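Record features, source TrEMBL:
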- 35-164: domain 'tRNAHis guanylyltransferase catalytic' (DOMAIN)
- Asp58, Gly59, Asp105: Mg(2+) 1 binding site (BINDING)
- Asp58, Asp105: Mg(2+) 2 binding site (BINDING)
- Asp58, Gly59, Arg60, Asn61, Phe62, His63, Ser104, Asp105: GTP binding site (BINDING)
- 167-283: domain 'Thg1 C-terminal' (DOMAIN)
Amino acid sequence: MLRGWRAVSAISAGSGRWAGCLRGRCLFSMAKSKFEYVREFEADDTCLPNCWIVVRLDGRNFHRFSEQHEFKKPNDDRALNLMTKCAQTVMQELEDIAIAYGQSDEYSFVFKKKSRWFKRRASKFMTHVVSQFASSYVFYWKDYFKDQQLLYPPGFDGRIVLYPSNQNLKDYLSWRQADCHINNLYNTVFWMLVQRSGLTPVQAQDRLQGTLAGDKNEILFSEFNINYNNEPLMYRKGTVLIWQKMNEVITKKIKLPKETEEKEVEVTRTRTKIVPLHCDIIGDQFWEEYPEILAEDS
């Protein structure tokens, strides 16, 4: 044994190499187990740099889920608000999300172009978002569906897409909001025909086959006295989540000079919060009002 060595100890697992201490400093071999070669099978899923990373999740089999949990048709405020609560939870956990957009049983989360979260690994982005969202859905269910028991765990699937330019991202979000309008207009007319005109779902579907947006608006107005433009914005536009600085007034107890007792005083402080908006994001007005969303140094 070499002079100066002491407390020579264990053999590294699976390697047969020694590890010990020399003059109080520990020396560990960097030997790898013979099984570590399996890491070579992992695919490189690093997202391209300087691209917006969008994670979109959708409810799995939510048509059946909504029926079994007696969602109101065509829109259930409880379900929509629960989705938004889950999305806010995701944004609070993953603060590199610049903006999120949701409608029906889907939500899109946009990570900043320069985000370094998870070393930009696509699988990490997707699994963290979907798992956080799904667990939040179960956790907060009772806060929104007070009289409806959760009968079984809901499922969500996700996908990830990269958008290299600001215009690509704006067009993506415009596409999702246009989809919200198209689906909600159809569903509003469909369920009016079923619930108030007594048509079967098949008959209502046949009635609407081949109709354009103008035709659907006319049916709503002439047969049900409903002006679609007066329907809640949350139904027609979906929900946008952004970060905003807001002033918050809180009460604090402080001890003033020459005073023996503490007094309560109001203090105003600025905090950044997640704010839900129900507005148009297809036009330029939204992006002009919130330029920080697309700013490189946001």
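In case you wondered, yes, glycine gets a Cβ from its N, Cα and C as well.
Listed in sequence order, Pro154, Gly155, Phe156, Asp157 are the same-chain residues six or more apart from Arg60 (GTP binding site) with CB atoms under 8 A from its CB. Considering only the binding-site residues Asn61, Phe62, His63, Asp105 (Mg(2+) 1 binding site) has Phe62 as its nearest partner by CA-CA distance.
Max Cα-Cα distance over the annotated GTP binders (Asp58, Gly59, Arg60, Asn61, Phe62, His63, Ser104, Asp105) is 13 Å.
The C-beta environment of Ser104 (GTP binding site), restricted to residues of the same chain at least 6 apart in sequence and closer than 8 Å, consists of Leu80, Cys180, Asn183. In this view, Asp58 (Mg(2+) 1 binding site) is surrounded by 16 other Cβ atoms within 10 Å of its Cβ, with every protein chain counted. For the domain 'tRNAHis guanylyltransferase catalytic' (35-164), the model's average pLDDT works out to 95. Counting Cβ atoms from all protein chains shown, Asn61 (GTP binding site) has 11 others lying within 10 Å of its own Cβ.
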